[in-house]
Amino acid sequence: MQPLLFLLIFVLFQEDEAGKIIGGREARPNSHPYMAFLLIQSPEGLSACGGFLVREDFVLTAGHCFGSSINVTLGAHNIRRQEGTQQHITVLRAIRHPDYNPPPVIQNDIMLLQLRSRARRSRAVKPVALPQATKRVQPGALCTVAGWGLVSQRRGTNVLQEVKLRVQTDQTCANRFQFYNSQTQICVGNPRERKSAFKGDSGGPLVCNNVAQGIVSYGSSSGNPPAVFTRIQSFMPWIKRTMRRLSSRY
């Protein structure tokens, strides 16, 4: 890892800005080879998000993870160690959805990152499958979310965490979030369980049966479930069109 990048990650984690997987456990190293750690520089300062490799040259993440400079780490387990499996690639282009709405009305919260160089496939780095544009994930589906960061309000971790979450009915989130949109968002996490994804886990994938169906978008300020995820299936035409258009522009 470049010394400056490692120092920035160390400072970020000292400030506890990395977010939360609540009620989960440590993932087996490299069991989620599509996971990406994003270090983002913006006028507001340094922040982190999750993301996931969808092709050797593209990472998908949340639209609100935008910044003037983004560094991507692939193949990581402990984000504060210089692991031999890690690949560090800068972002050539960050393409946020043209209809993205910032908080408080978060809509179309999705962004493609074109990498400056292609990722090398290995046991620790592999793309995840994307859904068919016509196939909708159903309530009751048991899915996995992974991310780095806090595991409770005050306790942090540097290693990748994972949690299994169940897709809820749209009404469950419509009752809690004023701007929930069932066409472009998924309601995830049983309100009766203390399991959720939160804050800096933003941009990470909801993976159901080995297919990325959602992107961590937002939730309640307390971190209690359910949380709202961007529905990838609704954006497949835009994703395919954008990757096709940019592939010839290296």
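For all residues, glycine too, the Cβ spot is worked out from N, Cα and C.
As written in Swiss-Prot, here are the features:
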SIGNAL    1-18  signal peptide
REGION    21-25  region 'Important for antimicrobial activity'
DOMAIN    21-244  domain 'Peptidase S1'
DISULFID  Cys49-Cys65  disulfide bond
ACT_SITE  His64  active site, charge relay system
CARBOHYD  Asn71  N-linked glycosylation site
REGION    97-112  region 'Important for antimicrobial activity'
ACT_SITE  Asp109  active site, charge relay system
DISULFID  Cys143-Cys208  disulfide bond
DISULFID  Cys173-Cys187  disulfide bond
ACT_SITE  Ser202  active site, charge relay system
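Taking each of the recorded positions Asn71, Ser202 in turn and counting other Cβ atoms within 10 Å of its Cβ gives the largest count for Ser202. Mean pLDDT for the region 'Important for antimicrobial activity' (21-25) in the predicted structure: 78. Among the recorded positions Asn71, Cys143, Cys173, Cys208, not one has a Cα within 10 Å of the Cα of His64 (active site, charge relay system).
Cys49 (disulfide bond) sits 13 Å from Asp109 (active site, charge relay system), counting Cα to Cα. Recorded residues Asn71 (N-linked glycosylation site) and Cys173 (disulfide bond) have their alpha carbons 33 Å apart, per Cα-Cα distance. Here the Cβ of His64 (active site, charge relay system) has 20 other Cβ atoms within 10 Å, regardless of which shown protein chain they belong to. Cys143 (disulfide bond) has Cys187 as its nearest neighbour among the recorded positions Cys65, Asp109, Cys173, Cys187, Ser202, going by CA to CA distance. Sequence-distant neighbours of Cys173 (disulfide bond) (same chain, six or more apart, CB under 8 Å from its CB) are Tyr180, Gln185, Cys187, Pro226, Val228, listed in sequence order.
Here the candidates are the recorded positions Cys65, Asp109, Ser202. The one whose C-alpha lies nearest to that of Cys208 (disulfide bond) is Ser202.
DSSP assigns Cys65 (disulfide bond) to a helical segment in the three-state reduction.
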